[in-house]
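Database features, via TrEMBL:
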type     : residues    : note
SIGNAL   : 1-29        : signal peptide
DOMAIN   : 33-68       : domain 'TNFR-Cys'
REPEAT   : 33-68       : repeat 'TNFR-Cys'
DISULFID : Cys47-Cys60 : disulfide bond
DISULFID : Cys50-Cys68 : disulfide bond
TRANSMEM : 208-234     : transmembrane segment
Amino acid sequence: MDPRARRRRPLPALLALCALFGRLQVTFQITSPCTSERHYEHLGRCCNKCEPGKYLSSKCTATSESVCLPCGPDEYLDTWNEEDKCLLHKVCDTGKALVAVEPGNRTAPRRCACTAGYHWSEDCRCCRRNAECAPGFGARLPVQLNKDTVCEPCLAGYFSDASSSTEKCKPWTNCTILGETEALHGTDKSDVVCSSLPPTKPPNEPQIYLPSLIILLLFISVALVAAVIFGVYYRKKGKALTANLWHWVNEACGRLSGNKEM
Ligand SMILES: *[C@@H]1O[C@H](CO)[C@@H](O)[C@H](O)[C@H]1NC(C)=O
Ligand SMILES: *[C@@H]1O[C@H](CO)[C@@H](O)[C@H](O)[C@H]1NC(C)=O
């Protein structure tokens, strides 16, 4: 347990760290100009690479810098480079359902994607037609360019009655808003069916007024029909019926009054 022993220890460690740091500093000084992504080493010296959009026409010499020239039309280079020629833009072949989504320029490549309704498939390395969602399923929107359809089952209150790769589930018709009543419930594959019959709850007082009117009309029509039938019957049988009827009425009335007197 000598307290001095503890104090001595940090010193060798510190020395080692200093030595390491010194070495690191030396390597940095030597390599730093040519480790940059914007330089290359040639004839023992560090020279500039060419910026994106240009290619290396001539390498540097002991006395001159690199000579960089711009890419031609329909060519590009998108990095700091020492290429001796530019890359050619790819062709977005409409016959293969491809379309350019980024035209490209001297510094960026042209980007192709499948046209609307198609998506890129790695299996065939071609554009495939997007899947259709069966009735009861809708496409998740927005439909993403170059992506296959994502089908989702229609939630309660929504329906899809056709196969489609672009249509989402549609909401059921609200019969109440149309002033109609629901005649048939909706499903995930079919819409609600509304009926144009008068609504069960008319807006104002007619709630009591209407049934009484109907009863009155019914009574009048029954009376009319009875009158017509009676008229026809009366003409056929002649006055004999009226006489009989009068006789019967008189007899009935006589009995009724007789009963009352007793
Ligand atoms: C080249 O296209 C890229 C990507 O489309 C864009 O970011 C860049 O600004 C364009 N450069 C020029 C010079 O138009
Ligand atoms: C119909 O619309 C009305 C008013 O917006 C609403 O109160 C009602 O809940 C809706 N009915 C259905 C079945 O969605």
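Start at 1 and count along the chain as shown; that gives each residue its number.
Each residue, glycine too, has its Cβ placed from N, Cα and C.
Just so you know, TrEMBL annotations never went through curation; they're auto-generated.
Structure with TrEMBL features highlighted.
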{"residue": "Cys47", "record": "disulfide bond", "Cβ within 10 Å": "19"}
{"residue": "Cys50", "record": "disulfide bond", "Cβ within 10 Å": "24"}
{"residue": "Cys60", "record": "disulfide bond", "Cβ within 10 Å": "19"}
{"residue": "Cys68", "record": "disulfide bond", "Cβ within 10 Å": "18"}
Cys60 (disulfide bond) and Cys68 (disulfide bond), distance between Cα atoms, whole Å: 10
Rounded Cα-Cα span from Cys50 (disulfide bond) to Cys60 (disulfide bond), Å: 11
Average model confidence [pLDDT] within the domain 'TNFR-Cys' (33-68): 91
DSSP helix/strand/coil residue counts for the repeat 'TNFR-Cys' (33-68): 3 helix, 16 strand, 17 coil
